[in-house]
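Working notes for the structure below.
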Amino acid sequence: MGEKKTTTGEGLGFYKEYVAGMMAGLATVAVGHPFDTVKVKLQKHNTDVQGLRYKNGLHCASRILQTEGVKGLYRGATSSFLGMAFESSLMFGIYSQAKLFLRGTLPDDGPQPEIIVPSAMCGGAIISFVLCPTELVKCRMQIQGTDSLVPNFRRYKSPLDCAVQTVKNEGVTGIFRGCSATLLRECAGNAVFFTVYEYLRYHIHSRLEDSKLKDGYLVDMGIGVFTGGLGGIACWSAVLPFDVAKTIIQTSSDKATERNPFKVLSSIHKRAGLKGCYAGLGPTIVRAFPANAAAIVAWEFSMKMLGIKRD
């Protein structure tokens, strides 16, 4: 991401970052939620002790469409829209402001990992506490559909019912089950994402410095799609095992289930091998490019519309 010409003290630019981030979150869910539903089902079913349930992501998606229609692919989307809107608003806003703070008065000499990585990890750490409860609700709703292992009498009527029943049965800490796995995923994942995004964007724009295409809207959108998409693939390739552990921890019906993500992954590895630790890799990678591309395009476009000038 190119450096902005605004600073934290320049009035409206401060909160506009958060508004732009919210738009990025909404775009991410709109494009990526169906893939996420398939990913969660694969992670739940294909690591279960009862054995494999789906051959691959396409098999899982076709089963959902056959039995539930398109609506089934968006199961749990309500909590996801709410969570991602708030989470992305915080993530992009905190990341941008942290970069400005850490950079201080230093000259803009291109991407600096000593600034990008801690800024991204700071944002990731904070949003993990927002994401954990919303993703717990999302995941529990997603596994209730096609070929569900959840008994009918224990199914939730809505995301709100899921949240209420979880707190009622497991206490307030129950809604934050899987927080450590979420923290690890978000800190590492965002560091990888923004590092790849920043470097790719910087070098592409450097190549176009003297080109007539430099300021074209379609060119900017194309760069956003490319850099955001590749950043998303790099991110999820790096942190998918933590996401698998999080899904298992959050969807388990056993209150005493292991919550240490490393011990959960060790158990999965013994039971299903390395493939089990990367359950849902196909739909995750397929989702990563368009979902993160949509997020970056929405974010950059919103920044431009809100009048935040960038290099």
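Glycine too: its Cβ is placed from the backbone N, Cα and C atoms.
Annotations in TrEMBL come from automatic prediction, not curation.
Taken straight from TrEMBL:
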type	residues	note
REPEAT	12-101	repeat 'Solcar'
TRANSMEM	73-95	transmembrane segment
REPEAT	111-203	repeat 'Solcar'
TRANSMEM	115-132	transmembrane segment
REPEAT	219-305	repeat 'Solcar'
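Secondary structure counts, DSSP: the repeat 'Solcar' (219-305) has 75 helix, 0 strand, 12 coil.
Here the repeat 'Solcar' (12-101) has, by DSSP, the following mix of helix, strand and coil residues: 74 helix, 0 strand, 16 coil.
If one looks beyond the transmembrane segment (73-95) by at least 6 residues along the same chain, the residues whose Cβ comes under 8 Å of a Cβ in the stretch are 15, 17-22, 24-26, 28-29, 33-34, 36-38, 61, 64-65, 119-120, 122-124, 126-127, 130-131, 133-135, 137-142, 144-145, 158-159, 162-163, 190, 194, 295, 299. Mean pLDDT for the repeat 'Solcar' (12-101) in this predicted model: 83. The repeat 'Solcar' (111-203): residue composition by secondary structure is 75 helix, 0 strand, 18 coil, according to DSSP.
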